[in-house]
Each structure stands twice: as C-alpha cells, then as structure tokens.
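Q: Handing you a structure now.
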Amino acid sequence: MLQIFQTAHYVPQKIITNEDLSKMMNTSDEWIYSRTGIKTRHIVETENTSDLCINVARQLLDKANISPEQIGFILVATMTPDYQSPSVACQVQGAIDAHQAFAFDLTAACAGFVYALHTAKGLLHDLPAGQVGMIIGGETLSKVVNWQDRTTSVLFGDAAAGVLVRSSEEFGIIKSRCYADGHYAQSLTSGFIANQSPFRLSQEMISDKLNMKGRDIFDFTTRTVANSLDEFLGEAKDSVDYFLLHQANVRILDIMAKKLKVDRAKFLQNMEYYGNSSAASIPLLLSESVEKGIIQMNSHQQLVFSGFGGGLSYGHILTTI
Ligand code: ACO
C-alpha cells in the first residue's frame, strides 16, 4: 500500500484580509466570510510556485531525516507552474539534488493532490528498495486571478504542501479513484495559450486569467461529487475518522456532511486562514492537522481525501495513516 509517512507545508508571509480586499474592490468581509468561510489568505510578494515547493521539499527531507538520494520520484501537482517547461518538479529535483529521482508535474486543478497520490500508487512498484516518493501540491494562484474580478479574486490563496510516500504492508491507501467530466471544461479556465503561429487564420480572444463559473462548480460538487464520494465509501464511511476535502467553500463542506450523513465535526477545515489554494489545499490541511496532533502518524486513523475542481476533475482516497 502507498503510505504517507511525512508531511510539510509552507505559505508566503504576506497575509491579505477581507478588509484589505474591500479597499481594492466592491466587496466586504461580511459577503466573503458568510458566502465562503474565508477570512484571510497568504499571497506571494517575491516568490513563485517553485520557491514554495522547494521550501516544502527541504522541510520534508529534514523532518524525515533522509538524504536526497533516497527520493525516487518527485511529483508536483500544480496549475500555476513557473514555466510550461521546466516542470516545477524538475526545479525542485535540482534544488534539493535528488539526482536519483525522476520528476514531473501533474495538472488536475484542485483535484491535483488526489490525482497525484492515485498516480503514485503505480510509480511506487518500480522504486528500488529503500527509495521513497515526494508529492507536493503547490500554487501561486495570485498570478492568474483577475484582480478586477471580485467573484474569483477573493477566493484564492498561495501555498505549497507535500508528503513523502513509501510502500507499507501496515498503513496506506485502501482505495482510490479519480474521475473527470470534460463536458464542463469551460466552467473553470486559466492560462489560455493562444495560437501564435504565423500561419494562423484567426485569433481566439480568450483571457489567460482564471475564469470560473462558481455556481456551476458549486452545484456539480454538491450533487455529482457528493454522490460519487458516498458511493465510493459505501459501508466504509462509518469507520472514517476525518474527511479532508478540498478547501473551496465552507458551505460545500456543510452540504457534503449532510448528504453523507456524517458528523460535520469530522470534516476538517482551514480555508478561513488560507482561502482556496487549489492543489495545495488538501496536503496543507493534512500537514497542519498533523502538526496540531489531530491526525497522528502510525495511529491507524482512517482518512478520506476528496479533491474537485477545474477540468472538471475529481477524485477520492481512503487511507489509513
Ligand atoms: N463581494 C460581494 N458580492 C459578490 C462577490 C464579492 N466578492 N462575488 C460575487 N458577488 C455577488 C455576485 O455579483 C452576485 O450578485 P447578484 O446576485 O446581484 O448578481 C451575488 O454575489 C451572488 O453571486 P454567486 O456567484 O451566485 O454567489 P455564490 O453564492 O454562488 O458564491 C462562490 C460564489 C463562492 C464562487 C461559490 O459559487 C463557490 O464556492 N463555488 C465553488 C467553487 C469551487 O469549488 N471551485 C472549484 C475549485 S477551484 C479550482 O479548481 C482552481
């Protein structure tokens, strides 16, 4: 089984409050907090996604007390890389000198971390004995949001968080499944790259900024994703200790708990302080919960991760830790 055995997270220093945003645009703390559950978010001043991810990678090595040569692969889930090439994962690999590791990025928006863990199950089989995998979700969404658009810019924050994984007989992923529905691809777009060919016959005028039909995704999540999570868990639902869902909106967590008929207190949350950090949100919540002692390594606690977002893509993981 794929076991998560170390966690770490990093957020940029600068904190932007709802009050700060209300001085920049026609919004208010009352609207943002009551509609989303978000109070503050961290925003980069000088850093890019690779800087946040490299910080997390160094912490993971330090905390686990392992050498970079023991890393067999590095997988970074991000929709806001520094470049299209090189990947953030290769930038991390170089920065920490993990010269035994292959490295690549994976894009599944807010489902990115769940997609990465699901993918990594297959990668673990080929690792030489003693090697481990590094999986990081890292985003600087502040560089793709349209800061004139109050309907999206108030939602997102910058962050990175990650885990080390290895094979284990005792702890790990019991079950995982990923899904996509590209019919809703236009519900969330970001980073459009126009045809620049000198032979082009026409030019599409699409913004490269993040554009989201929030209500459509809200409805999709609270219907389709909720139903699929319920079906995915089946009877196993009753033995879950904590649910770590993508941190997009507190109202989504409320509805999910109600639909699944699960005690709301089992749904951990931290979007109040970080907003929606896309692929970073689930590992950030996991790492913080480990730091606070709510989640304990080697405790046999059962956890559910569920990510959903652009694509539309979504996925679920049931794991022991
Ligand atoms: N301040 C004040 N008013 C606002 C703001 C704001 N920041 N933003 C929107 N409004 C107004 C709108 O203009 C609208 O006004 P109107 O009724 O006069 O037209 C009203 O508030 C309601 O707007 P809605 O968009 O219907 O608000 P809703 O209750 O749906 O909340 C939100 C919007 C928070 C985006 C919600 O739909 C949501 O959380 N959606 C899911 C997002 C999500 O899960 N995304 C996936 C992950 S992201 C990823 O993959 C990168």
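Cβ atoms here come from the backbone N, Cα and C positions, even for glycine.
It should be emphasised that the depicted structure is a prediction, and the values quoted were computed from it without experimental measurement.
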Q: Of the ranges 22-26, 172-176, 247-251, which one does TrEMBL flag as region 'ACP-binding'?
A: 247-251
Q: Go ahead and report the DSSP secondary structure tallies for the domain 'Beta-ketoacyl-[acyl-carrier-protein] synthase III C-terminal' (236-318): helix first, then strand, then coil.
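A: Helix, strand and coil residues of the domain 'Beta-ketoacyl-[acyl-carrier-protein] synthase III C-terminal' (236-318) number 36 helix, 20 strand, 27 coil.
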Q: By a Cβ-Cβ criterion of under 8 Å, what residues six or more beyond either terminus of the region 'ACP-binding' (247-251) are in contact with it?
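A: Hits for the region 'ACP-binding' (247-251): 35-37, 110, 155, 217-218, 221, 269-272, 274-277, 281-282, 284-285, 308-309.
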Q: Which three-state DSSP class does C110 (active site) fall into?
A: helix
Q: Can you name the residues of this chain that are 6 or more positions from C110 (active site) yet have a C-beta less than 8 Å from its C-beta?
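A: Listed in sequence order, they are H246, A248, N276, S278, A279, S281, G307, F308, G309, G310.
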Q: Would you mind giving the whole-number mean pLDDT across the domain 'Beta-ketoacyl-[acyl-carrier-protein] synthase III N-terminal' (104-182)?
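A: A mean pLDDT of 97 is what the predicted model shows over the domain 'Beta-ketoacyl-[acyl-carrier-protein] synthase III N-terminal' (104-182).
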Q: Neighbour count, 10 Å Cβ-Cβ cut-off, for H246 (active site): what number do you get?
A: 29
